[in-house]
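One structure, as structure tokens, below. Some questions next.
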Amino acid sequence: MGSLIPFLDLNLLPDPTTTINTATICPKIEPKLEPYDEPPPLQPPQQTFFPDPNPSFFSNSQSTPFPDPDPNSPSQPPELSSEENNVYSEFYRISELFRSAFAKRMQRYGDVDVLDPDSRAIVPVSEENRVSTVVVARRRSQRSAELVRVTDLGIEDQRYFRDVVRRTRMVYDSLRIFSMMEDDKRRGMGISRRTRGDLRAASVMRDRGLWLNRDKRIVGSIPGVYIGDLFFFRMELCVIGLHGQAQAGIDYLPASQSSNGEPIATSIIVSGGYEDDEDAGDVIIYTGHGGQDKFNRQCFHQKLEGGNLALERSMHYGIELRVIRGIKYEGSVSGKVYVYDGLYKILDSWFDVGKSGFGVYKYKLLRIEGQPDMGSSILKFAANLRARPLTARPMGYICLDISMKKENVPVFLFNDIDSDHDPMYYDYLTRTVFPPFAFHQGGNGTGCDCVSGCTDDCLCAMKNGGEFAYDQNGILLRGKPVIFECGTFCRCPPSCRNRVSQKGVRNRLEVFRSRETGWGVRSLDLIQAGAFICEYAGVVLTRDQAAVFTMNGDTLVYPNRFTDRWAEWGDLSQIYSDYVRPTYPSIPPLDFAMDVSRMRNVACYISHSSSPNVLVQFVLYDHNNLLFPHLMLFAMENIPPLRELSLDYGVADEWTGKLPICN
DNA sequence: GCTAACTCATAATA
DNA sequence: CTATTATGAGTTAG
């Protein structure tokens with residue numbers, strides 16, 4: 001069971017500038033009995049911002065706008081330009097600001113009866129607490145001022161939160177895509193501009209209280225969000241609670257809501273919008289916000305307020321910060337991808353003159369050690385790997401295409417653990433082999449006549465219940481019991497949007513040796529949520545044939561054992577109370593097995609997980625026999641390059657190898 | 001490359 | 001003290 005550590009009071013946090021003992025942290029004060037004349041035990045930080053020239057705060061570079069006083073003529077203040085004068089007066093203003101914040105803190109101090117040192121202890125999360133952390137019932141509720149840190153999540157908790165996050169993101173994506181498709185439909189009827197699906201989806205979800213992590217402000221990592229997770233829209237970060245600011249790069253608990261009157265930063269986005277940022281991965285020189293005009297030019301001095309002050313305070317207290325990077329990415333819907341890169345600490349901050357000659361606040365951030373590799377560096381590494389696999393990883397590649405050019409893209413085989421080459425010794429099968437009689441049953445020959453491309457009311461749309469299963473980009477909109485793609489019996493061109501899975505693998509996949517799972521599969525490309533990955537291919541056996549094979553100890557896969565994860569995809573029951581999961585086109589229980597003992601494809605090496613990132617969707621295209629659908633695999637979330645793919649094979653939690661395969 | 005249209009959270013004001 | 005308004009922080013899609 002995980003824990004929420006309340007940041008009950010920032011006053012309880014170690015102050016790096018004072019000696020810490022319980023007495024100073026938690027003085028017992030009875031304000032009504034004793035006049036409050038003694039100086040409060042907490043001192044203002046030695047490291048004040050200004051105007052004291054503190055070397056750690058003011059850059060020691062020569063570019064500081066504050067020329068050192070000339071030692072030879074100490075009585076002569078240096079000549080200041082009007083610009084420098086402005087900076088000075090700004091500093092005095094901020095100085096006042098901090099002084100008043102500090103005074104407020106001292107005032108509050110008098111109100112505190114007894115600060116219980118035990119209140120810093122780990123508080124177990126009750127079921128009630130856990131739900132309230134994630135699911136916010138109140139509509140349009142404001143963000144909470146309660147600062148907490150979530151620690152010690154057990155496996156069960158992690159899985160729970162992961163599922164909540166994935167479900168939320170799935171709803172977000174569904175709403176976004178449906179919203180855009182609605183606009184496209186209306187576009188023919190005079191509406192020219194599309195409303196922004198990313199904003200619409202967020203707004204609908206906010207109205208229904210589906211935004212996560214609003215009733216607590218989480219410092220540190222967000223439950224259910226892993227390092228390396230990818231997002232295509234800024235609003236999605238808000239919906240998850242990873243970063244609560246629609247536009248600003250610094251998210252923070254404002255001073256007005258903080259327990260000690262000082263603001264605390266919780267997350268930042270490094271998206272390259274500031275010319276003075278220097279991003280070296282583990283170390284970032286981050287520029288505060290402000291000072292820019294509409295065209296992103298620095299044109300006046302930044303102020304030490306809002307997020308900038310919060311970063312400084314976070315540094316002072318040594319509080320960690322979530323870092324999200326916004327990276328240009330071809331092939332993303334928005335041309336950009338946001339990567340969660342983990343937690344950083346702020347080591348230093350100073351005022352500097354930026355490239356355009358205006359004052360900027362700078363913060364030196366260092367990534368906390370012991371975290372998984374950064375998502376952004378994995379993205380870079382994967383790009384190298386795609387371009388020159390043997391240069392990027394000289395050791396470990398056994399085969400550069402186990403499909404022997406049968407797939408559209410090569411399927412790599414990688415093993416840097418032992419000498420096992422097993423996957424090379426199977427014939428590669430790109431598609432499932434059905435028995436000939438499967439093609440002669442089940443209403444063959446029904447296809448559409450859409451020579452110039454399928455329309456929303458064509459026969460094949462009707463076969464799917466009046467709608468196509470994919471959007472224009474080939475993204476699965478909603479899981480169904482079975483999908484009829486256009487196929488052999490249709491007159492539509494190969495470019496028809498209802499032909500997605502039959503076109504085969506588009507991502508460069510890699511079978512790799514893993515200590516945990518034996519063999520596993522990962523992609524060198526980012527796989528967008530809802531995208532087709534590959535077929536689960538094998539040689540189909542009827543029940544009788546399978547019985548014989550089982551006796552021979554051969555390896556069989558039973559398609560009916562896969563969990564109905566398709567039903568989760570596009571499930572909008574949280575939005576519409578009358579939502580029902582699709583039951584059409586219906587499909588009878590599957591009564592066949594697949595032999596993968598001699599011929600198989602890459603899917604066979606995908607590992608099991610009860611919290612998977614890949615789902616099975618049944619699809620028909622080369623025959624209409626409902627008894628023998630193809631098993632097509634689609635991404636259930638944005639899968640970062642090099643992250644292992646996993647399927648819910650539908651057997652109990654414990655790890656027993658490739659689960660649906662029985663010997 | 002440019003521009004319209006939009007967002008949230010917080011501070012300030014009524 | 002609460003409700004409203006103002007401000008400022010960038011992204012997305014055409």
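Cβ atoms are placed via backbone N, Cα and C, with glycine included.
Pasting the relevant annotations from TrEMBL:
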{"type": "COMPBIAS", "residues": "A:45-65", "note": "compositional bias 'Low complexity'"}
{"type": "COMPBIAS", "residues": "A:66-77", "note": "compositional bias 'Pro residues'"}
{"type": "DOMAIN", "residues": "A:220-367", "note": "domain 'YDG'"}
{"type": "DOMAIN", "residues": "A:446-504", "note": "domain 'Pre-SET'"}
{"type": "DOMAIN", "residues": "A:507-650", "note": "domain 'SET'"}
Tell me, roughly as an integer, the mean pLDDT over the domain 'Pre-SET' (A:446-504).
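Over the domain 'Pre-SET' (A:446-504), the predicted model scores a mean pLDDT of 89.
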Would you mind splitting the domain 'YDG' (A:220-367) into helix, strand and coil residue counts from DSSP?
21 helix, 57 strand, 70 coil
Give the residue counts of the domain 'Pre-SET' (A:446-504) per reduced DSSP state, in the order helix, strand, coil.
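Reading the DSSP string over the domain 'Pre-SET' (A:446-504) gives 8 helix, 4 strand, 47 coil.
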